[in-house]
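Working notes for the structure below.
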Amino acid sequence: MPRVVLNGVTVDFPFQPYPCQQEYMTKVLECLQKKVNGILESPTGTGKTLCLLCSTLAWQQHLRDAISSLKIAERVQGELFASRTLSSWGSAAAASGDSIECYTDIPKIIYASRTHSQPTQVIRELRNTAYRPKVCVLGSREQLCIHPEVKKQESNHMQISLCRKKVASRSCHFYNNVEAKFLEQDLATPILDIEDLVKNGSKQKMCPYYLSRNMKQQADIIFMPYNYLLDAKSRKAHSIDLKGTVVIFDEAHNVEKICEESASFDLTPRDVASGLEIINQVLEEQARVTQQGELQQEFIVDTSSSGLNMELEDIAKLKMILLRLEEAIDAVQLPGDDRGVTKPGSYIFELFAEAQITFQTKGCILESLDQIIQHLAGRTGVFTNTAGLQKLMDIIQIVFSVDPPEGSPGSLVGLGISHSYKVHIHPETSHRRAAKRSDAWSTTASRKQGKVLSYWCFSPSQSMRELVCQGVRTLILTSGTLAPLSSFALEKQIPFPVCLENPHIIDKNQLWVGIVPRGPDGVQLSSAYDKRFSEECLSSLGKALSNIARVVPHGLLVFFPSYPVMEKSLEFWQVQGLARKVEALKPLFVEPRNKGSFSEVIDAYYQQVASPASNGATFLAVCRGKASEGLDFSDMNGRGVIVTGLPYPPRMDPRVVLKMQFLDEMRGRSGVGGQCLSGQEWYQQQASRAVNQAIGRVIRHRHDYGAIFLCDHRFAYADARAQLPSWVRPYLKVYDNFGHAIRDVAQFLRVAQKTMPLPVPQAVTSSVSEGEIALKDATLSSYSLSTRKAISLDVHVPSLRQKSIGLPAAGDPESSLCGEYEQQTFSAQQRPMGLLAALEYNEQKAGASEEQALGSSTPSLRFEKRLSTEQKGGRKKVRLVNHPEEPMAGTQAGRAKMFMVAVKQALSQANFDTFTQALQHYKSSDDFEALVASLTCLFAEDPKKHTLLKGFYQFVRPHHKQQFEDICFQLTGQRCGYQPGKSELESKLTLSEGVDRQLDPGQHLNHGQPHLSAHPTSKGHTSHCTKVGCAVEKPGQPAVSDYLSDVHKALGSASCNQLTAALRAYKQDDDLDKVVAVVAALTTAKPEHLPLLQRFGMFVRRHHKPQFLQTCADLMGLPTTGKDLELEGPRDESPTVPPELTHEDLKPGPSMSKKPEKTQSKISSFFRQRPDESVRSDDTTPKPMQLPPRLPHELMKPHRSKQ
């Protein structure tokens, strides 16, 4: 590799660096050698990541060699030169500018990125260099943990709590192996990213999370996300020592926002209410344990028997603190116009002091909250969500992050930070949306409009100064969009002696930039608030896009100011037919709001652009979205970028208003000649930096080229043009006539295509978060359903979605549940069948109807599976094949396998198990209604899974295909390609040789119906039907519909949705406690709803009825154990209960293996104990519940939010 000497340091570079790259590395070395901070801007595509790595690692190696040389010389001469500088040992040593006594270790390099996924790209660049340092990548448990039980936890904080619990008890064998195997392991390559850590940890049976933390001690360079550095809590949790380190923030244009957000919070009424409910649950649980201990004549009350080492008095005090905090927030008077009230930052200490949360008590409170969270870690159910408690812990740590000096009151700290913070209390506006959540504790809090406590930091200098105070040697901020550098440095309020604003490496024939103030029809283009939704402006913008799509080859990017503007534009273009015109030229792909589905959409876009038969594609995205931040649209993926407006922040948002006021106040304090940003300047910079990030997608390397269209008349203003990057401004031209702009850009692109070298073909994939195996990228990019999904505008524009007529809608779970319970056929008892058997049971296809539904795809993937491994949840092996001999996508089995892989990636493990069970049940029973009910629950409620519902068409039997297409169209608005003339032919082909090989010979004629099966029909399942697939009418079925209708009328749609979801889960897991917890929470709030709880007995399985009767007696306040309580419907096999709930041969749940106990159900601990209730000891002698005298009785009452 070429070597260049910069500032006395020899740098190995993969190729001869360009002048701007040499200048960039020189500035980096200047920061390192002088131990000063630097702000370095270099346009996207100039190789700044490579320059950063090579220059910093060269300096680190240079310093290591210099110190080694000094030590060798000392030993040879037998003299100590501790007081002499390294310069005495030659120019090589002098380049560092440090003395030997300054070092005990070589300074570590900390490379911080915005997301968890970006370090993978940086490590990929590192592997292309000559340097092989010791590397460590720090990630979260969500990316690194391989423990099955911890991975099942739904939230990140629950994963953390359960992990800590297992580590403390030494019950995680993966963690136990880290210390034993860390030194023994043979790491083939020293440069490991997240995926390598996970693979290596799984192979060696040791925890990747703690393995990476061990590797941190010996690492030369450490990669981590921003928040691990900027958030004091994260720094402490990951034991990050910053003393003497070199800290690099890549993509640093986001640092200001992340600094402020890491020191801010919003506390909602739901957060406090959920925390109170959890504490109340623990309080009653511990009181019950204490009572049982007294009844057993234990002379010491020991609550540790339940796993929680806390006194009842301490738990009660914690509950009182939260109650007082809630009262203090509610007591704040607000103006009547819902604007909220703003107070200085020091007010937060006054407010918390009313709840007895101070610098003196914070330690005990945090310790108590942590103990409760650890105690509940690993529990499942609706009443064990500890997110509220975890948020309260985080809030206390944020407020009291800086301890006051010894002997000084905490109020001095409040006065010191009041200038950087504001307290804003405002009415909660999202309480209606909160009612849709399935958490039973949140629905109570959401019945009233509470107050949100916001504590906002407006100065990123707080976090930056804290970094400097930690002893950071050098701080380097770099990005492609930092201009103007002076104001960017002023915001941080720390010195940055070294600054650089680099030019681009491209020539003038590689970039075309045009400001287009008017559309083809002469209408002014504007995204201003008063014009952005006008029909004239939207129509002109759509016509401009259509014309630009004609001349720009390959990939075209369109950036909107916000999601609402993009959705409104798409809606209008769809209605006016403009979207259809663009799609005819370049298919439209839309950036989803949900980040989880982004990778498959962008992969589908890449695939469409790379297709030789296509004219390219159009990708619609938003400024500040994922597509505009660090994603690669090099070469054909992005030949043109259209920016449709200036993305200003919402001007009336309270946080934006207060930020601008804060900056104006700071500028006023600094005097007339102060250089601080004004609020208006900051407001304009927020828009310009978002635009600069978006246009940076077009030029990604030295030989790339492209065109930039700025389609807003305000870009023609001098102040807006001055905010554009310095490398763009020389190419800028304003076009008063749209036709002239099209003429010039067409000429530019024709010349560029002829003169620029052809791009090297390469597989481009989106950057997904670490821990996601390569299988996801491969399957989703090759699976053509993702293309269909991505270009479906209806998915992304709510107003364009088709409405369901005559069938249960996706958002109407009670209707679908009625269909699930009332329209089922009797199923024959079948022997268990594996997943591959269900996969390969596909009718042979005649014609291209399914090809049309699935789309054409030619993936180069071959899957190697073992049935036993698949059934046990083992990993799939994927082998990439460059030239497969037999493309599997062309076969029915190949498409089926690819579809199943895509489904498994899209669903959780529990939902995927439900899907496979539904598939097997359909195969054995031909029960189409039950199948549709299951698929609707899994796929119809989430728009991003609509394509998977459509893709299931290939598994549907011929006589059900037309019905399935109708249902699919009404649920998703998508057709499956059904052709009536071919249904009879398909039916005949189901008895072909291919099916004979896949089905049991005894089931060929009837697809598994019991009346023709070769196997004996199960007892009680006699059928009088002579048609395949017809339903048998069952008495009592209307009771199910009547019950769900009554629930809907009494409790509302949201509560009915919760009940139906819980009932479906009960069918699957046989967990009575879980379903009763939901039903009881919904039906016991008001006395008139108690009959709904009693009537729920029609769904309870026979082996659960004694326990359910006892629970009902407890909840309804009856003194008996349920003997006098009659449930609606017969006690035994009720005709209203579906067969799936009464079959004794179902897989037993956790409660089927033992007889029902006479103890109270878990759910009862959530509700208030009535005075006449009693707790039974082992001798069954009733005794009133007694609490310790020191415990206030009013604290034992469950918390109920005010109506």
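Backbone N, Cα and C define each Cβ position, glycine as well.
Between the candidates Cys207, Cys259, Swiss-Prot assigns the [4Fe-4S] cluster site shared with Cys145, Cys163, Cys172 to Cys207. As annotated in Swiss-Prot, motif 'DEAH box' covers the listed stretch 250-253 rather than the other ranges in 126-129, 250-253, 1186-1189. In Swiss-Prot, the annotation motif 'PIP-box' applies to 1160-1167, one of the ranges 528-535, 736-743, 752-759, 1160-1167.
In terms of DSSP secondary structure, the motif 'Nuclear localization signal' (151-167) contains 13 helix, 0 strand, 4 coil. A simple way to gauge crowding: the CB of Thr44 (ATP binding site) has 24 other CB atoms within 10 angstroms, across all the protein chains here. Reduced to three states, the DSSP call for Gly45 (ATP binding site) is coil.
The Cβ neighbour count for Cys172 ([4Fe-4S] cluster binding site), using a 10 Å radius over every protein chain in view, is 22.
Report note: the ATP site is defined by Ser42, Pro43, Thr44, Gly45, Thr46, Gly47, Lys48, Thr49, and the residues of the same chain whose CB lies within 8 Å of the CB centroid of those residues, excluding them, are Cys51, Gly480, Asn502. Distance noted between the C-alpha atoms of Cys145 ([4Fe-4S] cluster binding site) and Thr49 (ATP binding site) is 29 Å. Other Cβ atoms within 10 Å of the Cβ of Gly45 (ATP binding site), summed over all protein chains shown, number 21.
A Cα-Cα distance of 47 Å separates Pro43 (ATP binding site) from Cys172 ([4Fe-4S] cluster binding site). If you take the Cα of Gly45 (ATP binding site) and the Cα of Cys207 ([4Fe-4S] cluster binding site), they are about 37 angstrom apart, rounded to a whole number. Here the C-alpha separation of Thr44 (ATP binding site) and Cys172 ([4Fe-4S] cluster binding site) works out to 44 Å. Cys207 ([4Fe-4S] cluster binding site) and Lys48 (ATP binding site) are 34 Å apart (CA-CA, integer value). In the three-state DSSP scheme, Cys172 ([4Fe-4S] cluster binding site) falls into the coil class.
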